[in-house]
Amino acid sequence: MLPTNHTGLQCAHCGEECPDEGISLAGVHFCCAGCRSVYQLINQQGLCDYYALNRQPGASQQIPVRKDKFAFLDDSRIIQKLISFQNNEQTRVTFYLPHIHCSSCLYLLEHLHKLQPGVLAARVNFTRKEIQIDINHQVVSLRRIAELLTQIGYEPYISLADLNGARPPQDKKYIKQLGVAGFSFANIMLLSFPEYFGLAASEQHLQGIFRMLNLVLALPVVLYSAIPFYESAWKSLRHRFLNIDAPIVLAIFITFGRSLYEVLSGTGGGYFDSMTGIVFFMLAGKVLQDKTYRQLSFERDYTSYFPISVTVVADDREMAVALPVVKPGDTLRIHSEELIPADGILTRGNALIDYSFVTGESMAIPKDMGEIVYAGGRQKGGTIEVLVTREVAQSYLTRLWNQDALRRKQPKEQSSFVHLISRYFTYVLFGLAAIAALYWWINDPSRIANAVTAMLIVACPCALLLSGTFTQGNILRILGRNQFYLRDAQVIEDIAKADHIVFDKTGTLTTVQDMNVGYEGERLSNDQLKMIAAVAAQTNHPLTRALCSWLPHDPSLQVEAFREIPGEGVAGIVNDTLIQLGSAFYAKNVHPSNTGGSRVYINWNYASKGCFVFTSHYRDEVPELVKKLRKHYRLSLVSGDNNREEKNLRRLFAHNSTLLFNQRPEDKLRHVEQLQKMGKRVMVIGDGLNDAGALRQADAGIALTEDTNNFTPASDAILEAAQLSKLPKFIRLCKANRYIIMASFFLSIVYNVIGLYFAVQGTLSPLIAAILMPASSLSILLVTFGSSRLVANQLDL
């Protein structure tokens with residue numbers, strides 16, 4: 001094969017060197033026709049900011065992909081295993097894209113809809129290198145999407161694990177490289193002992209042998225174990241910036257080059273022990289940090305503790321079962337307004353599924369028996385039964401939860417500061433190293449190598465940048481162990497900054513357990529009570545749940561045309577009779593009573609029959625909870641009930657608290673908006689049923705859950721009702737988050753200053769520097785974990 005002459009020009013798309021006979025377009029040069037085609041495609045759609053964000057961000061197209069590589073994506077059976085949602089028009093799929101590497105990738109991929117008609121939306125998870133794509137499958141096929149991604153340089157990785165629903169095994173590459181580095185480091189240290197302590201004159205002939213053996217042992221470390229640092233540094237250089245691995249690579253090259261020169265020239269034994277030690281300890285730190293990052297990942301899999309149970313039907317009996325226990329073949333009973341937690345087949349009932357949690361569009365879709373229903377849909381009709389066909393993917397529900405937050409909340413504000421530090425840290429470090437080298441060149445040239453190498457190794461912004469991640473991750477775990485589950489780390493700050501707390505009453509301050517139920521009105525037969533119970537059983541409202549536990553049941557009764565209006569009431573047809581249960585407004589009762597407890601009015605074929613009266617039972621911990629909170633917060637109570645208990649509640653809340661009654665869901669939302677217009681940061685605590693709008697609007701919305709599938713995407717956090725008394729402690733722990741982060745920032749700055757102080761003087765050996773660098777991150781981890789754990793212990797959490 002003839003050698004190819006090169007021009008020195010770089011491809012405008014991928015950055016590879018262009019051959020002599022290179023391809024050009026309007027004065028822009030390319031290494032191959034593939035790169036030119038991708039450039040034309042991007043340019044035609046007005047997406048050239050892709051090239052402005054990073055220099056030559058694209059992947060080379062010189063290696064063609066065979067035409068039928070993704071033909072298997074035309075197989076409907078394979079498609080069903082890959083997708084996470086599908087309706088008459090829309091399909092959702094998630095691909096793993098290993099070639100994602102920079103902000104240009106994010107820009108291009110999230111504008112995929114401009115490159116291909118039929119793409120509805122594309123969202124990239126940079127840390128997981130995943131893209132979630134919504135397509136109109138009537139316009140574009142999944143195969144075409146995979147081919148387009150490949151064409152623009154982001155070939156999706158689709159493995160058998162994806163088809164089997166299995167999780168890919170952990171990459172063991174770092175472990176193998178660490179093992180090689182450890183073996184070489186230990187043996188080089190062993191062979192270097194004679195030189196450390198001085199060889200006797202009679203054994204001088206062994207010195208050369210030991211030095212050559214050290215060189216041989218060092219080669220696998222340089223050529224294999226250090227590859228992760230080379231790859232990382234090379235990627236940063238290709239995109240015209242220096243990351244924190246660049247000084248590590250330079251330190252390795254300096255140490256190895258100096259050692260190679262000394263051994264071959266016979267002037268010394270070199271520093272192979274330091275060089276292999278640098279790689280070993282850096283890799284050890286990377287392995288440990290990677291393990292920590294996986295544990296602190298905010299795309300958490302809640303399998304062990306997510307606070308949702310579902311109703312499983314077995315042998316005509318209902319059982320409340322935790323989600324992790326649900327398996328394919330189980331039959332789930334889904335009530336009105338409940339979330340479908342797993343893909344399955346509709347086996348009973350009339351389904352009206354709202355997939356707004358998945359798609360962002362609020363439109364209920366009717367489903368017939370035998371049709372597939374997908375996880376994340378919310379049943380808007382009566383009770384249905386679903387046969388589970390795929391295991392519950394709680395991490396998928398969590399991603400939907402976070403996605404819902406992105407639709408309404410701004411991204412974190414602190415990332416710009418973090419990126420600023422990481423971007424300029426390496427440049428400042430190289431500048432300091434050059435100054436130190438110049439100083440020692442003038443004063444003592446023998447110290448240059450030690451000073452520069454130690455500086456390049458010891459200085460590290462990792463501890464500075466990761467202290468927030470470590471702290472927030474541990475606080476999330478502490479709160480989770482206490483059955484307080486936050487959507488993500490940002491919610492910690494939202495809770496800490498709140499200055500006004502709004503409470504719902506029914507289901508939040510009160511409990512359905514031990515609630516007294518009475519009846520006022522026309523006498524009802526036993527059969528009529530069973531018909532009322534059949535309608536009440538379709539929904540999960542606290543009052544209807546209490547009613548169901550009080551009324552007799554007949555499982556054979558079928559409810560048709562069920563509908564529910566949140567905050568007002570429910571209706572359904574049983575044995576050709578229309579039964580309506582709800583508020584006085586919903587039942588159009590012209591003589592509502594303000595005496596007694598909460599009331600649910602009954603209409604029988606539009607004729608008023610009477611009402612059930614519920615005597616509220618406040619949770620035992622409420623008086624003490626309100627007493628603690630009112631010392632530090634302004635409080636509000638918004639209730640859908642009448643004001644019959646205002647006098648008692650006024651004694652409980654502070655005199656300056658706002659108490660609002662007869663509030664419909666839109667009234668609760670309006671109250672939160674008014675507070676926010678006044679500059680308040682509002683925390684709302686409700687049951688997530690009639691106050692979803694207020695929870696969504698709040699700066700921090702907390703949904704209380706009690707013996708039910710009460711997961712609401714509107715909330716930022718979920719709190720088990722039994723832990724309500726600990727809310728002041730949870731708030732104090734969230735407030736401590738910022739102080740812990742500030743303390744760890746201070747410690748990491750002190751570490752870098754002290755480390756550089758000794759390194760500049762040439763008194764810090766490169767090997768010690770290599771031990772200190774990962775040790776600094778681990779020490780910050782221990783400080784943040786220890787501090788958050790100490791605060792939690794003081795709060796008895």
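Even glycines carry a Cβ here, placed using N, Cα and C.
Per TrEMBL, the features are:
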type     : residues : note
DOMAIN   : 91-157   : domain 'HMA'
TRANSMEM : 178-197  : transmembrane segment
TRANSMEM : 209-230  : transmembrane segment
TRANSMEM : 242-261  : transmembrane segment
TRANSMEM : 267-288  : transmembrane segment
TRANSMEM : 424-442  : transmembrane segment
TRANSMEM : 448-471  : transmembrane segment
TRANSMEM : 739-760  : transmembrane segment
TRANSMEM : 766-785  : transmembrane segment
Report summary line: For the domain 'HMA' (91-157), the DSSP helix/strand/coil residue counts are 21 helix, 21 strand, 25 coil
Report summary line: Restricted to the domain 'HMA' (91-157), the mean pLDDT of the model is 81
Query raised in the report: Top stretch among 209-230, 242-261, 739-760 for CB pairs under 8 A with the transmembrane segment (178-197)?
Result: 209-230
